[in-house]
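Asks: Take a look at the following structure, please.
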Amino acid sequence: MKKNTSYIADVVMTGIAPAIWGSTYIVTTSFLPQGYPMHVAMLRALPAGLLLLLLVRKLPFGIWWGRAFILGALNFAFFWAMLFVSAYRLPGGVAATVGAVQPLIVIALSRLFLGRDIRALTIVAGLIGMAGVAFLVLTPHAALDPVGIAAALAGAVSMAFGTVLTRRWQPPVSNLTFTAWQLTAGGLLLVPVALFLEPALPALTTTNVLGMAYLGMIGAAFTYLLWFRGLARIEPSVAASLGFLSPVTATLLGWLALGQNLAPAQIAGFIMVLFSVWLSQKSQAPR
């Protein structure tokens, strides 16, 4: 019983991260200057990473230099770049639905890199979650852009690889240190992308600074501490299924804060997503 209680606590704490990530859209559109996605991504990762690095005062060593930058690219730099490309070229519902394939990719990669068995119940949970996200955010007249679809899929693959490799590569340091390495590496990789592909940021207002602080301290540092902690304790396939909570949070915030309608299909999608998350963790729960 104690083991199951500890497992459930780990799942709940890990799930807080994607639930908070669901607030990114409303914060970005309401508090930040528009048209600077790479600058926003860089400023979300780098200051948070440097702050954590200042706290831990420990740099990567040996093979962990390379691994920190690989994971920083997969979990942050490349993933966020693809996320913003897909967001600009696709309706949010289409991008979220394509990205919802990530748990299924994680299942395959866990078999390849971690030797985990592929369980039918886990696959069923992933498919139900994808369908739930589609009900939650997809509209009947959503346009399909090939480049946007490719970017959304590339982002899902990147995050899936990052999820599995974070579990496989566990350094002999604290979770706080590991998070600091990855955030800093991801932020550094985004610096040249932001500088060369976008114009300079305008002078930031107080509102902009507050939004950036939220995305960096809460939406990056705090949440990724929880996320990487979870990846060290629960199966990657379970952690990946928790990503379905992001569109749930985004939809609920749109309803509560922006007065958007909540249709019956979205309520059905909400229920399907929660059932999918429950089914996924049940399929991997310790016996």
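Yeah, the Cβs are placed from backbone N, Cα and C, and that goes for glycine too.
Reproduced below are the annotations present in TrEMBL:
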DOMAIN    16-137  domain 'EamA'
DOMAIN    148-279  domain 'EamA'
TRANSMEM  7-26  transmembrane segment
TRANSMEM  38-56  transmembrane segment
TRANSMEM  68-88  transmembrane segment
TRANSMEM  94-114  transmembrane segment
TRANSMEM  121-141  transmembrane segment
TRANSMEM  147-166  transmembrane segment
TRANSMEM  178-197  transmembrane segment
TRANSMEM  209-227  transmembrane segment
TRANSMEM  239-257  transmembrane segment
TRANSMEM  263-280  transmembrane segment
Asks: Do any residues of this chain, six or more beyond the ends of the transmembrane segment (68-88), have a C-beta under 8 angstroms from a C-beta of it, and if so which?
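Replies: Cβ under 8 Å, 6 or more out: 37-38, 41, 44-45, 60, 95, 98-99, 147-149, 151-152, 154-155, 158-159, 161-163, 165-166, 169, 181-190, 193, 224.
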Asks: Given the cut-off of 8 Å on Cβ pairs that are 6 or more apart in sequence, determine whether the transmembrane segment (121-141) and the transmembrane segment (239-257) share at least 3 such pairs.
Replies: yes
Asks: Kindly say whether the transmembrane segment (239-257) and the transmembrane segment (94-114) touch, using the definition of 3 or more Cβ pairs under 8 Å where each pair is 6 or more positions apart.
Replies: yes
Asks: Can you see whether the transmembrane segment (38-56) and the transmembrane segment (209-227) are touching - at least 3 CB pairs under 8 angstroms, only pairs 6 or more apart in sequence?
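Replies: These two segments touch.
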Asks: When each of 7-26, 94-114, 147-166, 178-197 is checked against the transmembrane segment (209-227) for Cβ pairs under 8 Å, which one has the most?
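Replies: Answer, by Cβ pair count: 7-26.
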Asks: Report, as numbers and ranges, every residue of the chain located at least six residues beyond the transmembrane segment (147-166) whose Cβ falls under 8 Å of a Cβ in that stretch; write 'none' if there are none.
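Replies: Long-range Cβ neighbours of the transmembrane segment (147-166): 67, 70-71, 73-75, 78-79, 82-83, 85-86, 88-90, 94-95, 98-102, 105-106, 109-110, 113-114, 182, 228, 231, 236, 239-240, 243.
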Asks: Give residue numbers and ranges for long-range contacts of the transmembrane segment (178-197): same chain, 6 or more residues beyond its ends, CB-CB under 8 A.
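Replies: Residues 36, 38-39, 41-42, 44-50, 52-53, 55-56, 59-60, 64, 68-69, 71-73, 75-77, 80-81, 166, 170-171, 220-221, 224-225, 228.
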Asks: Report the DSSP secondary-structure composition of the domain 'EamA' (16-137) as helix, strand and coil residue counts.
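Replies: Taking each residue of the domain 'EamA' (16-137) in turn, the totals are 99 helix, 0 strand, 23 coil.
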Asks: With DSSP as the reference, give the number of residues of the domain 'EamA' (148-279) in helix, strand and coil.
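Replies: Going by DSSP assignments, the domain 'EamA' (148-279) contains 108 helix, 0 strand, 24 coil.
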